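Single-structure report; data block below.
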Amino acid sequence: LFIQLNQLLSTPAGLEWREMARWMKFEEKVEDGGERWSAPHIPVTSLHSFFQLRTFLEKGTVLLDLDASSFREIIDKVLSRQPEEAEMQPELRQSLAALLLLQPQHQPTTSLLQVLTQLSLSPCQGKAKSCSEPEAQVSETPLREQVRQDGAEMGEAAAPKFSVAVLLSFQLRNRFNKKILPGTEAAHIATGEVEFLEKPFSAFIRLRRGVVLGSLAEVCLPSRFLFILLGPQTKVKACHEVGRAMAMLLMDELFQGVARGAEHQEDLIAGMEAFLDEVTVLPPGKWDPSVRIPPPSYQQSDGHGDVAAAQDRSSLRHPCPGEELERTGRLFGGLLRDIRRKAPWYCSDFSDALHPQCLSAVLYIYLATVTNAITFGGMLGDATANMQGVLESFLGTAFAGSIFCLFSGQPLTILSSTGPVLVFERLLFSFSQDHSLDYLEFRLWIGLWVAFFGVVLVATEASHLVRYFTRFTEEGFCALISLIFIYDSLKKMLSLADAFPINWQYRLDNVTFYSCVCNLSGPGEPNQLQRGWGGGGAAPGPPWHSTAQLERTQCLGQGGHLLGTSCQYVPDVTLISFLLFGGTFLSCTTLKRFRSSRYFPAGVRKLVCDFAIILAILASCAADATLGLETPKLLVPSKLEPTNPARGWIIFPFGVNPWWVCLVSAVPAVLVTILIFMDQQITAVILNRREYKLQKGAGFHLDLLCVSLLMVVTSATGLPWYVSATVISLAHMESLRKESATSAPGEHPEFLGIREQRLTGLAVFILTGVSIFMAPVLKHIPMPVLYGVFLHMGVAALNSIQLTDRVRLLLMPAKHQPDLIYLRHVPLRRVHLFTIIQLLCLALLWLLKSTAAAILFPVMVRA
């Protein structure tokens, strides 16, 4: 309901109605200067105003379900249906009708661009008409024609300042229209004091159907309620405050329901009494009524800030699982139900991706996936003697991810290699080397057994056990993965000091002593020193070699070695890398919060927020290119050949290993099955929380089947094993958040859910696969920039769980703690005890993951 309050004012030109306040959830007033709207705020008024309003509703005119098609007809019926004790003389009735039909003057909602335009055109004011704007040409639709007719009727009583066409154009071009939700109706309140009245005149009207009443409101809406209050000139502010009290009543959802369904005058009074029962009174002298109370701000969380997330962090109970996890009691019953649930949505899974926000999500998650593939590929190469390397990581990620996005139950999930899988690969390779077994063949049989066990779990509906995962388990798992992302990004940055060392002994006064030369001499040969770089002076020793200068790589390539005090000094690289790292992280965090900024229009803020990560990466890359320093860059393979030439693309099950290996492989396969099941399903539970408002349902059984069958292909081709990646999947969902495009002034956009589709994930993995051919472009992206994105992803995921809020409570005095729901119902000491137990378990898991026992990590999380 849009409510507008018009007040009768006396001007040198006579009496006129002027818009003074409006309500859409919150109140906005016209400031004293009359040139701008105030900030939205919670309305307050005196309790006496409500008592006066109740008196007017009891003794004044109340017309319910009035049939009228124009404002003139409404005024005629109101004035003709006065109570007998308040019946008016014909002259007074005509005066009131003429007064009420005066054309109201609206307060425009102007943008900064319009203000600047008005200032630039100010010299034109008062000059010839050629300098003024032409009147708007408005097409005649039925609704606009009705507005034109009603506006003409209102203008008959007095000459309006503007033509009807200009007033209609003002309504249709008003920027406030963007704040109006579909289906909104208008309520009009008119208050004022006049000399010819001896006693107040009041009327409350509810129309049977919404009618557009010309230019009575600043926006073109069908009107449903009207409240008129005119009184003698006694107390100037009395009628105005009573009108504000009526607006507060109509803004209340409960009273609004009463007003729409009331059949008698007594129903309105009863509704008002119920409203007054909920009113909170502030004692006089303890609070300044002129202070405007801002709208309540919902807790934001680093780009994850939405009402649903705030409700999640403050909820007392873990959301109950849906019907996706209910047992059917039939073989593959859960899988068939997942397929039936997801099949009707399959076409929309592609059409729903046709939105600019999906482009931003693709670029963001693509860069995160590529960085993750390079990181895990490098570590796999070190652990397996390059039997699996960066190229295999790229191809496996592209293949497994694409298949999963096409056929899974929850395509928003991003597949990746994980830490426990990496630990298992390292142990398996060491075991194979110690017992003279072929590693890839042994691994193939383990993968086949894991796929078999996975199908068995799907057939027996083992995913039903997921319903017993508690918030304690989910938060511990999510917190640990987030901390690993944060730790790894910082560890990678600190390792730059080894690759690009800083010369801590550098002194400016000793610059003339610093040099670096290339020694090409062999043992027993006279020294031949190649002039290098450094302080510019010659190093002491034999004469310089007369050939051209050699670069560092050329010198080392020819068998020489470097001599000098500055050979290990790499100027500025480490420093600028840390600046790029921190700058990218801060830019991602700041731009993600830009939606709630006070600067720029809402459309610009939303666009910047949607493309926040890409803008941050582009800005950091531009800064790096401008400086021109040799910072470490993103390197991707450029050839389609195995990292280790000794292996092929197809692994044969019966090769050099003994026949019994295929049977013994079932033992480690049981451990890997538990690892895959726990890792996959814990992530699936986190992604399918009810607070994300997913509409298309989950597919726990279907997801597990896809992961199990992919194990067959990746094992047979020697590619890494893949499972759901928690942090990247959460980042993927967060980049696809939907919020209401229209919200009342002062109201935060409503969280509508996630843009559920398959195309963004599919595009991410296809781009990952073709990245091999994009090496000339990707090599310009500095690695510190991508590490900064990783740090942002870890921090954002960590801030999305309730554990983070409760850790902050440990450091806050009680008087500064936020008003969280669970603090109202649970003693603070029990909250702290629960948090400390979680932190101790988290520390235990961190120690566990740092040892060879890290393969037991998912089992320990559940325990």
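Numbers here mean position along the shown chain, with the first residue as 1.
The backbone N, Cα and C atoms fix where each Cβ goes, glycine too.
These features come from TrEMBL:
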| type | residues | note |
| --- | --- | --- |
| DOMAIN | 1-289 | domain 'Band 3 cytoplasmic' |
| DOMAIN | 330-861 | domain 'Bicarbonate transporter-like transmembrane' |
| TRANSMEM | 361-381 | transmembrane segment |
| TRANSMEM | 393-422 | transmembrane segment |
| TRANSMEM | 442-460 | transmembrane segment |
| TRANSMEM | 607-629 | transmembrane segment |
| TRANSMEM | 649-677 | transmembrane segment |
| TRANSMEM | 698-723 | transmembrane segment |
| TRANSMEM | 759-778 | transmembrane segment |
| TRANSMEM | 785-803 | transmembrane segment |
| TRANSMEM | 836-861 | transmembrane segment |
Two-stretch contact, the transmembrane segment (759-778) and the transmembrane segment (607-629), at least three Cβ pairs under 8 Å: no
Spatial neighbours of the transmembrane segment (649-677) far in sequence, C-beta under 8 Å, 6+ residues away: 420-421, 424, 428, 437-438, 440-450, 453-454, 457, 462, 642, 704, 707-708, 711, 715-718, 721, 723, 855, 857-859
Surrounding residues of the transmembrane segment (785-803) on its own chain - C-beta under 8 Å, 6+ positions past either end: 301-304, 309, 312-314, 364, 367-368, 370-371, 471, 474-475, 478-479, 481-486, 488-490, 492-493, 580-585, 588-589, 592, 613, 616-617, 620-621, 624, 634, 726-728, 730-731, 734, 835, 838
Overall pLDDT for the domain 'Band 3 cytoplasmic' (1-289), taken as the rounded mean: 76
